There are 2 protein chains.
Amino acid sequence: MNDTSPPLEEDLVHDAEDRLRPDFVKEVLDDVREGRLEEACSLVAELHPADRADLVELAPEADRADLIAALGSLLDADVYAEMNEHVRELVVEEMEPEQAAELTGDMETDDAVALLEDLDDDDQRAILDVMEPDDRAAIEEALSYPEESAGRIMQRDLIAVPEHWNVGQVIDYMRSDEELADDFWEVFVVGPLHHPVGTTKLSTLLRTKREVPIADIMQEEQTLIPVDMDQEEVALKFQKYALISAAVVDPSGRLVGMITVDDIVHIIQEEAGEDALLLSGAGEGDINEPVREAYSGRIRWLIANLGTALLATFVIAQFEDTIARLAILAALMPIVAALGGNAGTQALAVTVRALATNQLTGTNRARAIRREFFVALLNGVTIAIILGIGVAIFLDPMIGVVIGAAILFNILVAGLAGVLVPVILDRFGADPAVASSVFVTTVTDTMGFLAFLGLASAVLL
Amino acid sequence: MNDTSPPLEEDLVHDAEDRLRPDFVKEVLDDVREGRLEEACSLVAELHPADRADLVELAPEADRADLIAALGSLLDADVYAEMNEHVRELVVEEMEPEQAAELTGDMETDDAVALLEDLDDDDQRAILDVMEPDDRAAIEEALSYPEESAGRIMQRDLIAVPEHWNVGQVIDYMRSDEELADDFWEVFVVGPLHHPVGTTKLSTLLRTKREVPIADIMQEEQTLIPVDMDQEEVALKFQKYALISAAVVDPSGRLVGMITVDDIVHIIQEEAGEDALLLSGAGEGDINEPVREAYSGRIRWLIANLGTALLATFVIAQFEDTIARLAILAALMPIVAALGGNAGTQALAVTVRALATNQLTGTNRARAIRREFFVALLNGVTIAIILGIGVAIFLDPMIGVVIGAAILFNILVAGLAGVLVPVILDRFGADPAVASSVFVTTVTDTMGFLAFLGLASAVLL
């Protein structure tokens, strides 16, 4: 151990943001392409499993099979547990069922479930059929819980001890059994029916004398996760109560598993990040998603958008005569729609975020709506003045008045739609991020064109 | 301990999504308003600190001062550590400096820093001046690191042991010192110059016999966080390597602090969730943000949007004669712009997400661009056929051809802009989520109007 060496030596593998450097990836791929397999393996052997997974993801599809064959056992269960699900699905589909079964058998249950649940039923069945009976039973049980529920993401390996033990007994038990899991941060204390009655952090256990009863140091207040709880709610609980791990219980209250925070950070990131994708109508929106899936995810929203755009067209068409007589209106009207759309999207993004993080509830709903109204009023007045005066000076005073009034009205409508649409969807149990955009844009487009062209027809002609 | 009781008793305080029920909040507020302070306190005493913080956030602003006065010591440092920063800022600004100093003195350094860094310099100084010298020194040191850096979010309390100790010595040391922190999950092993040389999970420590040297069980490979690293990169490291805690080192490599995953989950959630807000131009976008801040955050993007909308107006104005002769074009042209905008936003959201999660790097950039091109081609052809045929049948065959061609062109442009704009911004070190939307919408609006009206002028008139 050379304690005087610089601690942060230059990293030839990672760039400043901890991503694999393109020239490193190229070096490995060139080695594989040109048959220098030992060189490739020795480069990869130094990498963390997460980086090995990144390497497979970053390799062009045409090179992946050769890369995987070349790396062999360097791509173990830990690597597959870290891999992007779309890439992993492609790779696993190419494997023999026996090979895939051995891989999943080496994984923790939650990782094995994550791998298998993405496969077709036939592929899944073929792999399960050749697994060890123990592994198969654990995975089949996990797969019996709903998708994205606590039962799918929990681990079954945990430390549970009876409440009459003392600290010394707990420590001796942990030292005695080689089979016990190594990744745990809390010990669960259970009653005779295997119901959790308390929990003890390892730090507390370590800092307590051996003869103290575990019941004296355990924390009785604990967050219990029902096995069918949605993973998004599990993630919110972990955040809200700053949990490191939590007990999962079945409907009768028995301890059946444990969820640890390292399994949750991915979910927190996914759930928080998917709002941007959902609001844009980009579906799952992963860059490793195959083109045909990306297409089918996005085209439906484009078609929905086409439908609502036709509504706007219908509104404009009612004013064909007005436009024929004063064609400059056609050039100005997109401004009213665009600004309304943007203001609506702002209010929408804020509201969807507040709903997703449980900050907007029945208690402060009215206040949030009032707040958006005032923000919209300030924005609307500002834009109306700038645009109205500009148009009045450079074009025509009356058109300036008309467009100012129309845009103020449309920004107010946009602010209210941006908060009301997601709140209403949420109350009816729909995901406010999914469909809100289409509703809000429809409202701001049609109202914008209607207000501007309607006012213009009444005042200018 | 009654092990036969139902484990998940009905919760009169929380709703199904773990938010405080509106009628519970109302009950507490009514008690405060009508002077039944003891009742209010006994209701609140049962709540977790995170829920007490929620209660203050959910209370209308007019009631907050009375509520806070009534609850007194029930609102301790843990509660303020959990509170929304905008609400906390309002509350702390109302406190006497002595009271705020006592509060922050009770907090862990990272929480105290999070509270103080939001205040005005004067308020901050007034509080620091009346703090205990020890606390003040720790906080001033933390505040000397850049905002949103590891130095701001790290804790200074950690367990560091010399590498020549054995497991028994480590455990005895932890049992001996009452002052040691209680929230830790790993023990750091340091060399003579206090450079970290390894780390040991508490579970490993607990499962190892007392006489084993710590150097034999420590993991030498560890993720060291430089004290000036941006918190977003720290969060990505925690995710990538599934860390529970990590050592923070100063430029000379000395161990100066520790970051734990429970401090990181908030950051992961914030950083992942802010893309939706940034893409919409909603700034920070917190529903507790004061109206004037929300206004100033949003109006600048609306004004930028106004500028780009004027570009589109300028394009359309070039075709005033065409529109005057065929006003139906004015009704159809927003479809071309809207669909292009939507397709561009989809590509943009996917690209921004992939950049933020380090999935899109120099290695697979060309592939990602190619992929977006193909998705755009499929989307464009589909929409062009539907819309072109529809317009041809119900309106006019030649207009159908024109709008089909224009929308195919615009969706292709949109797809490419959606991926190229954020990639280019990212290469130049700008946050791709911040300004991309404005660029992409400008491109799709102007190109959409230009393609449609230009083609129409050439073909139809």
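Here the Cβ of each residue, glycine as well, is placed from N, Cα and C on the backbone.
Copied over from TrEMBL, here are the features:
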- A:218-274: domain 'CBS' (DOMAIN)
- A:299-317: transmembrane segment (TRANSMEM)
- A:323-352: transmembrane segment (TRANSMEM)
- A:373-395: transmembrane segment (TRANSMEM)
- A:401-425: transmembrane segment (TRANSMEM)
- A:437-460: transmembrane segment (TRANSMEM)
What stretch of A:299-317, A:323-352, A:437-460 shows the most Cβ pairs under 8 Å to the transmembrane segment (A:401-425)?
A:323-352
Other than its close neighbours in sequence, what residues sit by the transmembrane segment (A:437-460), given a CB gap under 8 Å and a spacing of at least six beyond its ends?
279-281, 301, 304-305, 308-309, 311-312, 315-316, 318-319, 322-323, 326, 329, 332-333, 336-337, 339-341, 343-345, 348, 398-399, 401-403, 405-407, 409-410, 413-414, 417-418, 421
Contact set of the transmembrane segment (A:323-352) with the rest of its chain, CB cutoff 8 A exclusive, min separation 6+ beyond the ends, reads 275, 279, 312, 316, 360, 368, 372, 375-376, 379-380, 383, 387, 391, 395, 399, 403, 406-407, 410-411, 413-415, 417-419, 421-423, 432-433, 436-437, 440-441, 443-445, 447-449, 451-453, 456, 460-461
Can you tell me how the residues of the domain 'CBS' (A:218-274) break down into helix, strand and coil by DSSP?
24 helix, 16 strand, 17 coil
